[in-house]
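Asker: Please see the structure below; I have some questions.
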Amino acid sequence: MKTSELRQKFLKFFETKGHTVVRSSSLVPHDDPTLLFTNAGMNQFKDVFLGFDKRPYSRATTAQKCVRAGGKHNDLENVGYTARHHTFFEMMGNFSFGDYFKRDAIHFAWEFLTSPEWLNIPKDKLLATVYAEDDEAYNIWLNEIGMPSERIVRIGDNKGAKYASDNFWQMGDTGPCGPCSEIFYDHGEEIWGGIPGSPEEDGDRWIEIWNCVFMQFNRDEQGNMNPLPKPSVDTGMGLERIAAVMQHVHSNYEIDLFQDLLKAVARETGAPFRMEEPSLKVIADHIRSCSFLIADGVLPSNEGRGYVLRRIIRRAVRHGYKLGQSKPFFHKLVADLVKEMGGAYPELKEKQAQIEEALKNEESRFAQTLETGMALLENALVKGGKTLGGEIIFKLYDTYGFPYDLTADICRERNIEPDEAGFEREMEAQRARARAAQSFKANAQLPYDGQDTEFKGYSERQTESKVLALYKDGEQVNELNEGDSGAVVIDFTPFYAESGGQVGDVGYIFSGENRFEVRDTQKIKAAVFGQFGVQTSGRLKVGDSVTAKVDDEIRNANMRNHSATHLMHKALRDVLGRHVEQKGSLVTAESTRFDISHPQAVTAEEIAEVERRVNEAILANVAVNAAIMSMEDAQKTGAMMLFGEKYGEEVRVLQMGGFSTELCGGTHVSRTGDIGLFKIISEGGIAAGVRRIEAITGLNALKWAQEQERLVKDIIAETKAQTEKDVLAKIQAGAAHAKALEKELARAKAELAVHAGAKLLDDAKDLGAAKLVAAQIEADAAALREIVTDLTGKSDNAVILLAAVNDGKVSLCAGVSKPLTGKVKAGDLVKFAAEQVGGKGGGRPDLAQAGGTDADKLPAVLDSVKDWVGAKLV
């Protein structure tokens, strides 16, 4: 059964069950700021599930195009190397919005999969999983479907917390959630792997083909599971996976759709068609994601979605280069894709020329730097070592347009570790330079001469407001239309503008069907707030009456982290000393980053004490009070102030019981107990005398602690320790044993070197004035040096050149007895040899080392040394 037929069968089946066939939404989620790309069938129905939107139907079915590349869900590095990872895939789904629930969802899935009228998959090839506490779903499978109990697997909380399970779905920390039931297909005992929940579950024998999510509860901020008044259903079945089942193949790349694309890739690159060639699969996958993204309006750029697209294109082009194709080829595959998928997705046909042009332009642009960049990278890789430095990776990115994951991909092929942390340091330094250059421009770029903004956000999360000004492309306009990016100024705002290290609020400004998504809030002038974002629907005009609403979840997280920062500041001064001053901060919903003046690293004991003091203040649950007062009165309270900061005549003083008093204009919790758990997760130096501390709070801190606990358990298992207390002793014993073995190995190598050296000197060529040894031996660079030093020390007239090859790289070491260095110099000798094997080197007259890359030329080089030395002795 062809993939295209499967797609149609699925939609037809659910249409016969009263479902409305809904067209796939765009890969660009226009109404969900939390998503980079559409990555699941339910994305377009998220507001329906949350109760914010109503549809004229209560049952729906879709074939949804999805992309997983960039962001939280990123399959990019695995694509081409596994049977089922893709950047683009199709998710078949059926949905119930308060209509049917578990019974019908399970019966529908079973009928479609096993009925002779539809897919007719043998029932004994299928297995179901249910959440451990979901007796209702278990009994439906057992008593109504008739599945044997041994093929119904209960999966419990296997991710470290209550309801953290492969079989319990959650939209977020709060909101709709519920158990799920998954259907697995058995690819046969000849393939390794076990059933879900077994130690071998990561194998490829049992593959999930359908997931039925039962949205049954609404989880509140206290973690309580409250039953939803109208439970709903969200299901998903990967089209490529079920196609592999129906076409009796194991890898998704073996299905009809991919087979034709793979042959097209081989045709355009000139490479032989081999299923085991990862580069063919990479390119075949990437032409799908790139073409569909461009069709949905994404173009290659250096930011956001456009940069993810650029990364995918350049990865495909690099794999073409690897296959021997240096000319633009990628765009030529669009026609083949249109032939395969244009019937189901007419936008591919409609925009074929635009897609081809965009891809060709990007290919041509990258071709200008690809060869030079590859040469730089190859040169860095052949120098040896197990790590590629962050500076090189950044240079490839910044100068030659190599995305990080492209370089990491190449390193992976060579078993070399990319220095991601070093690359990030270079990136952060570049961002800091950019921020410094833009700091004035950011506040002054929008012209405005109207009334000031009245900030209501300390006490209100929602205001009724009037639009005072609108901006698009930095210019004042009278209206914003759907899809426009811009800024809005309103008279009353609940949105906090970025200041004092706290990021700006996000949320929505709306009126009826007109909706502006606020993605950032910045000060245009000292007392004028600009809400920056996108008009997601309708139109916004100057003078409109609107409702402005802050995103509560993100605001609450910002408040928790900001209040925790104040407590941490005070605790740091108490623990480290009064010399500690704030040098910078960044408060976001995810964490708080705090820079302080301190001459040395903060010790583990000091960090623990700071954490204890902050959590003690949180447990006290004291009120957080803010008051506006004169600077004179503020000074009398002992409030902490930032050195060099300019303050007005009146200031806002924030007091947290007796724990902290500080000047601050930010938003904060009502009581310290609202912060929840506080945990410092990193500490390090960023400049001379400046330390950076990062901390997290609330559920983020809990998740971090749970991850550490899981890591400890993994270490215990790996070291075969009995308890946590035994782990350190096990590791220390292992390290001591390894050190002893290293010493023993070094001693053995030294003995071998002495024996080998004596034999070499016995076989030396007599040149009259000198004895010449020119040979290749098995040794590393350190051993070569030791042998050469030993030989020249035993003779008054020795000229030595020893070579070794390790992992394809040539090591050379030359030595000359000191009485001969007036005529023959070791540095000249090693340079002469290194140049012939593609390397360079040098050193002292009596001892020198070098390296090279062309091991094939080594025998000829060693043969040529006799004539070179002989000429020097004349």
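The backbone N, Cα and C atoms fix where each Cβ goes, glycine too.
When I checked Swiss-Prot for this same protein, it listed these features:
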BINDING   His562, His566, Cys664, His668  Zn(2+) binding site
Asker: Neighbourhood of the Zn(2+) site (His562, His566, Cys664, His668): other residues with Cβ within 8 Å of the Cβ centroid, in order?
Answerer: Gln502, Met559, Ser563, Thr565, Val624, Leu654, Glu662, Gly666, Thr667
Asker: Is it possible to get the count of other C-beta atoms within 10 angstroms of the C-beta of Cys664 (Zn(2+) binding site)?
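Answerer: Excluding its own Cβ, the number within 10 Å is 24.
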Asker: Going along the chain, which residues six or more apart from His562 (Zn(2+) binding site) have their CB under 8 A from its CB?
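Answerer: Non-local contacts for His562 (Zn(2+) binding site): Gln502, Val587, Thr592, Cys664, Gly666, Thr667, His668.
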Asker: Under a three-state reading of DSSP, tell me whether His562 (Zn(2+) binding site) is helix, strand or coil.
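Answerer: In three-state terms, His562 (Zn(2+) binding site) counts as helix.
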Asker: 10 Å Cβ neighbour count around His668 (Zn(2+) binding site)?
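Answerer: Counting Cβ neighbours of His668 (Zn(2+) binding site) within 10 Å gives 24.
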